[in-house]
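The following features are taken from TrEMBL:
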type     : residues                                                               : note
REGION   : 1-76                                                                   : region 'Disordered'
COMPBIAS : 1-12                                                                   : compositional bias 'Basic and acidic residues'
COMPBIAS : 39-50                                                                  : compositional bias 'Polar residues'
COMPBIAS : 51-61                                                                  : compositional bias 'Basic and acidic residues'
REGION   : 116-138                                                                : region 'Disordered'
BINDING  : GLY150, GLU173, ILE174, ASN206, SER207, CYS226, THR304, GLU305, GLU306 : S-adenosyl-L-methionine binding site
ACT_SITE : ASP229                                                                 : active site
Amino acid sequence: MSSAESESKPEQSDPEASTPPAASAGQKRPRNAADAASSCGNDGSETSEAATKKDASDRPRQPSPGTTPITIEGEMPQKKFYRSRAHCNPLSHNDAFDYPLGPDDVDWTAEHYPNHPALLPSEGENGGVEATADEDRRKKSVAPDVLDIGCGFGGLTVALSTLLPERTILGMEIRAKVTEYVRLRTVALRRDHPGKYQNASVLRTNSMRYLPNYFRKGRLEKIFFCFPDPHFKRRNYPRRIVSERLLTEYAHLLRPGGRLYTITDVKELHQWHLDKCRSHPLFRELTEEEMAKDPCVEAMRVETEEGKKVEREGRTPDVGYAVWERLDEKDERVPRVTAENFWEEGQFGVTVSQGKEEKKEGK
């Protein structure tokens, strides 16, 4: 190599000499000389600023806004951070739920309605304020009597709170993130509107399994099923929230004169609701005139998030809804069930006898 070539080439440094030594296990290496100077004093001891940074690094790091958002208690949550899968298998055992052994084990006051209007002390005859004598009776009085099953993001739940101020509203949802959204939404509404929304709350549970663990016979006045999962596949029909078996359970929980509401934008599912409810002896379908007098019907149509979505997309004609009144067992319209007619077609939606007849004819 000539001397000219050696002078034209830049001098290459030794990579091992320029690379700082690797940090030992558990020791962080400064990114540059400034970091090293700021982290240590002249005597090699840590400065107060460096110690503060170290203490902060030892604390659990808060998640970034784009991953797992945190909503401050009392602030209105943003729905985009609480999106979840629209479908869930209610018959799956993959997700366990805590549930009470019976209705007496639920303290609705402490967990859901601490400032319920029914808990306020009543005014005495002499103008003074006297507390209700029976505290247990007061706690039981705030047990929910209106259920929004599969409440989603809580549009109908909060709407019913103001529409039915003398009732206790409970939204029931199986998805954890959505339930947390409704809880935070209710807390924010209570803060922004003092004295309102104290009669509304939300509970995460599997309503197809644990309703009798929360409510006694005849406790409920209204049950709403708004835009439930249609479960189109025939093998998934048992997952539908309205069925022969569950209708009997709902009739057990509803008081005589109570109402069951159904609405969906799936025509096939609406027909399913009509067939199952019409075949049940303890439910009577309300007429159009009767439904027009019920303000809850309009709220069911326009206050739910799914209802608003259907209206935005111009699919309102696809919506089908119905309301069913729970009949008293002593009502003359309720057919008497005997050993002879128990398996007849139309009783509780059972068609076993028809199947036997068809089998005989096939022979």
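Cβ coordinates are placed from backbone N, Cα and C, and glycine is handled just like the others.
Because the structure is a prediction, the values reported are computed rather than measured.
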Margin query: Applying a 10 Å Cβ distance cut-off over all chains shown, what neighbour count does GLY150 (S-adenosyl-L-methionine binding site) have?
Written below: 23
Checklist line | Under 8 Å by Cβ from SER207 (S-adenosyl-L-methionine binding site), same chain, sequence gap 6 or more | finding: PRO90, LEU147, ILE149, GLY150, MET172, ILE174, ILE241
Item checked: Number of other Cβ atoms within 10 Å of the Cβ of GLU306 (S-adenosyl-L-methionine binding site) across all protein chains -> 20
Notebook entry, point to check: Quick one, of the binding-site residues ILE174, THR304, which Cβ has the fewest other Cβ within 10 Å?
Noted result: ILE174
Next item on the list: List nothing but the largest Cα to Cα distance in Å, as a whole number, among the residues GLY150, GLU173, ILE174, ASN206, SER207, CYS226, THR304, GLU305, GLU306 that the record says bind S-adenosyl-L-methionine.
Entry: 21
Item checked: Between ASP229 (active site) and GLU306 (S-adenosyl-L-methionine binding site): CA-CA distance (Å) -> 12
Margin query: Rounded to a whole angstrom, what is the C-alpha distance between THR304 (S-adenosyl-L-methionine binding site) and ASP229 (active site)?
Written below: 14
Margin query: I'd like the number of other C-beta atoms within 10 A of the C-beta of ASP229 (active site), please.
Written below: 19
